[in-house]
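Visitor: Take a look at the following structure, please.
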Amino acid sequence: MSDTLIAFDDVLASYDPAMGLEVHVELNTLTKMFCGCPTEFGAAPNTQVCPTCLGLPGAMPVVNRKAVESAIRIGLALNCDIAEWCRFARKNYFYPDMPKNFQTSQYDEPICFDGYMDVDVDGETFRVEIERAHMEEDTGKSLHVGGATGRIHGADHSLVDYNRAGIPLIEIVTKPILGTGAKAPEVARAYVAQLRDLIVALDVSDARMDQGSIRADVNLSLSPKGSGVLGTRTETKNVNSLRSVERAVRYEMSRHAAVLGSGQKILQETRHWHEDTGVTTSGREKSDAEDYRYFPEPDLVPVAPSREWVEELRGTLPENPTARRARLQAEWGFSDLEMRDTVGAGALNVIEQTIAAGTSPQAARKWWLGELARRANEQGLLVDALPVTPADVARVQALVDEGSLNDKLARQVFDGLFAGEGTPDEVVAARGLAIVSDEGALSTAVDNAIAANPDVADKIRDGKVAAAGALIGAVMKEMRGQADAGRVRELILEKLQ
Amino acid sequence: MSDWTRKTAAELADALAAGETTSVEITQAHLDRIAAVDGAVHAFLHVDAEGALAQAAESDARRAAGTLLSVLDGVPIAVKDVLATNGLPTTCGSKILEGWVPPYDATVVRRLREAGLPILGKTNMDEFAMGSSTEHSAYGATHNPWDLDRIPGGSGGGSAAAVAAFEAPLALGTDTGGSIRQPGAVTGTVGHKPTYGGVSRYGLVALANSLDQVGPVTRTVLDSALLHEVIGGHDPLDSTSIDQPLPPLVDAAKQGADGDLTGVRIGVITELAGDGWQPGVMTRFQESVDLMVAAGAEVVEVSCPSFVHALATYYLILPAEASSNLAKFDAMRYGLRVWPEEGASAEEVMRATRDAGFGDEVKRRIILGTYALSSGYYDAYYGQAQKVRTLIARDFEAAFEKADVLVSPTAPTTAFKLGEKLDDPIAMYLNDLATIPANLAGVPGISVPSGLADEDGLPAGVQILAPALADDRCYRVGAALEAALLKQWGAPLLDKAPALEGPSA
C-alpha cells in the first residue's frame, strides 16, 4: 500500500508549497502546569501524580507561574506581542490518556501572538511569521501491549502512564509559510532547528527531540503554481527529528503532487510519520466538523502579566542564537560547512567553552566533532551529555600542544575519562601515556627501524622523503605509540640525509 | 440525660465548654438518632459511626489537655456527598461513583478536621447535584421530616433533612442554583450560600464551576455563621477563592440577634413575586418584611428586570460546564466500569459505563451542555448566556445602591409531593427561580425559616441577599428576623415538626 510519488523537481514545476509548523515544547519547570507534581523524565509509571493531574473528582488546577514566565520569554524571543489578559480554555474530547477528557489549553486568547523568526538557509533569509504561542498541559502516555506495531489496533490491552499528564507545554504555531519553493523542506528543518536553539538558549526546556520534549507537526498543502490559492492540507504528526522534518515535507509534497496530478483530491487528515521507512500513512480523518467545544476554563482566573514583569523578562533574554552563531563563526574563523556541522552536532556550547579554556578553535572543533561526536553517537548521547567536559578537552589539547601527548595517546586519555579514571592528568599518570622524550631510546628505535627496512632507507637517501612514513610507523610501533611523530621524522631525516 | 440532638451547635459548644457533656456522648446521641429515624428519612448515604466516635474521643482528649482546635471542637457534622472525604465513600449520588473512596480531603473537609468536628457521614443528594428534590439520587430519595411523602428540596435535601430531623446539628451543603437555600426553606432550616470565592471549592466535585459554592446548613443563623468561619477564607488550591479575610460573621449574627435593624435598607425584588407563588409562602414573606420594618428597617422596592432571563441563562451555563466536568467519568481510573462484551475497546467501555452509570437528568444536562457549546451554537447559547449573566450582575449592583440587602421568598412553594414533578423538568427547574440569580452574580444569600404556610402547614423560607463579600449582612439581618419570629412563635419552628421516632426506638 505504498503511495505514488512524483519526483521533487517535477512537483515544483507545477505547484507552490505552503507549510505550517506546530511545535510543542515541553517546559523544564520543576513542577507540572497545574499542580505540584515533579516533572522529571523516566520515573516509574504513575509515581508522579496527584488528584489534580489524575483528574480525580473535585481536584482543581492552579497555574504554574514559572510556566507562564517561560511562555512569555519564548514569546518575546519570537518577537511576539504578550497578551495583557488571557484565559485558559477547555478543549473537550475523549481519550483514555487524558485524565479529565478535556485538555486545559488556550483557544482564542493565547498568551503570545504575532511574532516572527528569520530563518537562514544557505545564506538566504526566510521570515517565518508566528501566529501564536500558547500554554497547555500534556496528556498521559498510552502503551499498547500486544499486536505487532505498538499501535492501538491489534493490541491486546493498553496501559496508561499519567506521569506526563499535566507537564507544561508551549505550542508554537506559524502562519502559512509561503514562497519557499524548492527550499521548503530545508526551511522547515531550519525553522525547527533555530527554534530548538532558541529554546536551549532560553533554558526553558530540555529540548530533546529524541525524548519528545520538542515535537513537531507539519502541515502542508500545494497550490497550482502562481495561483495563490491554498490547497487542502494534511497534518503530519510524530515528526521527531530535524532530519525527519525535512523528509516529511519532501515526502508530502511528492505525495500531494501525485494525488493532485491524477485528478484526485487531497483528504484533509492527520498523517503519521514513520522515521524508519521515511513515509507517512493516513491517520484519522480530520474534517472541519471536529468540534472541541472550547470554552473558558472556569476553575482558573485570567492570566494578566503586568507590563513591568514582561519588560523584566525581556531583560533576561539571551543573545539571539542566529546572531550569536554569526558572531562566533567570525571569531573562530569557521567555514559555513564547519559551522553547520558544529550546530548540527549540538556542539556550539561545548566548543565555545573549550575555546574559552584556552584551546584553538580548530583543535576544539576537531575533538568535539571527531572523536567525541563518534563516541556520543555510539552511546546515543549528545556531545554535551558525555562524561567529558570542555575543561577536560582543553587540558588534553594543552598536553598535545606541549608535546606530552600525541593524538593517538590523547584518544587513550579519553578512554580513561570515559571509564571514570579521573582528570586527564590522572589518566596520563595512571596509564603511563606520556610521550617518551628520551632521545637515546628514540634514537635506538630509529636505528632499529632503518636496519630492519633497508629498501625504505635507500629510497629516503635518494630523496624520496615521503617514504619516511613507513619508518615512522615502525618506530611508533616499537615505542608503543608513546613518541612524538614529528620528532621521529626529524631523527630519521637527520640520519639518512 | 438531656437530648443532645435537640440542641443547636452553639449550645452544644457551650455545654462542652461547661463540662456538661462530652463529644463522644453528643456524637453517640446523633448516631442513635440516625439509627432511629434515617430508615424513614434517608438523609444519609454513608454513616461513619466508628470514625465519628474516634474523632469525638480525640476531641474529648484535647479538651482534657486544654488544646482545643476551635469553638466547635467536638460538635459533630454531616457532609454532603459531593465533597471529597479521604477514606470515606464519595458518590455524588451517582452509580458511576459507587464505591469510590477519595485519597484526599476537600479543603472544607480538611478544615472541619482541623477544627475538630467529628464527621458523622455523607448525606444524600440529587445525582451530581442536579435537581431540586433529591429524587434524582441513584440511591433513592430523601424524605422531608415534616411530611415523609414530600421532597426535602434539592440538591442538598440530605443535609437539610439531616439537620431538620435532628440527625446532625450541622451539615455542609453546596449551592449552584439554590441547593442549600431551597432545601433550607422547605425543611424549616437555615442555609447560607457564601459569596462566590468565599469558601474553597477544592474537593467539591464540580457541577458548574462558575456557580458552585460550599456553605453551612444548620438550624440557626448563629450556627451557620460559626460553621462558615470554620470553612471559609482563602485557599491557594482554589484559584477562584478570594484572597482576603472573611468579614466577622459570628459577630454579625450576634449583633443581629439583638433585634435592631435601624437604618438598614431592605429591598424587595419586584420580579420575585406574583403568579405562580404560593399564597401561604407570600403571606409568610410579607409578615417577615413587616417584622423587619418593626425592627427599624426601611423597605424599598427594587426592580431587577434581567432576572426574568435568569433561569434560561442558568440552564445554558450550568449544562455547558457540567457536560465538560462529567467527561472525566469514563471508567478508566475510578468508579464504575461496564464491559459491554469481551474484548471491548476503551471507547466502547466508556460508552457502556456512562450509559449505565448516569441517570436520566444527568444525561439530559450533558446533552444540553454539549449542544450549547457546539461550534455554530456557542455564540447563540453559551456566549449569549454569559452576556445576560453580566446584565443580571448589573441589576444587582443597581439594586444594592438602593438597598443594603435584598429579600424574596426563597422558593415559590412549600415542599411538593415526591414524584409530583419528576416527569416535568421545567416545573422542577422553576423551584430555583428565586435562588439562581445570586449564583449567576456570585453574591451571598441566606435562607431563614419564615413560618408555616397556611394552606398546608409546611415550612417556607425568606432569602436575604447581600453584595459580594458582604456575607455579614446576611447574618445580621437573618439573625434579626430569626429573633423576631422566635419571639412571635414562642419556640423554634422545628418544634412543630413530627417527632418521627424517638431516639430510644
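Note: Cβ is positioned from N, Cα and C throughout, glycine not excepted.
Given the structure is predicted, the values throughout are model-derived calculations rather than measurements.
Taken from TrEMBL, the feature active site, charge relay system applies to B:K80, B:S155. What TrEMBL records for B:S179 is active site, acyl-ester intermediate. Taken from TrEMBL, the feature domain 'Amidase' applies to B:25-474.
Just tell me what is around each of these and how deep it sits.
Guide: According to DSSP, B:K80 (active site, charge relay system) is assigned to a strand segment.
Taking Cβ-Cβ distances under 8 Å and a sequence separation of 6 or more, the neighbours of B:S155 (active site, charge relay system) in its chain are B:V82, B:G93, B:M125, B:D126, B:A129, B:M130, B:G131, B:S132, B:T134, B:H136, B:T174, B:T176, B:S179, B:P183, B:L207.
DSSP assigns B:S179 (active site, acyl-ester intermediate) to coil in the three-state reduction, placing it in neither a helix nor a strand.
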Visitor: Report the same-chain neighbours of B:K80 (active site, charge relay system): residues 6+ apart in sequence with Cβ closer than 8 Å to its Cβ, ordered by sequence.
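Guide: Sequence-distant Cβ neighbours: B:K122, B:T123, B:M125, B:G156, B:G158, B:S159, B:A171, B:L172, B:G173, B:T174.
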Visitor: For B:S179 (active site, acyl-ester intermediate), list the number of other Cβ atoms lying within 10 Å of its Cβ atom.
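Guide: For B:S179 (active site, acyl-ester intermediate), the count of other Cβ atoms within 10 Å is 37.
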Visitor: Would you report the average pLDDT that the model assigns to the domain 'Amidase' (B:25-474)?
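Guide: Mean pLDDT, the domain 'Amidase' (B:25-474): 97.
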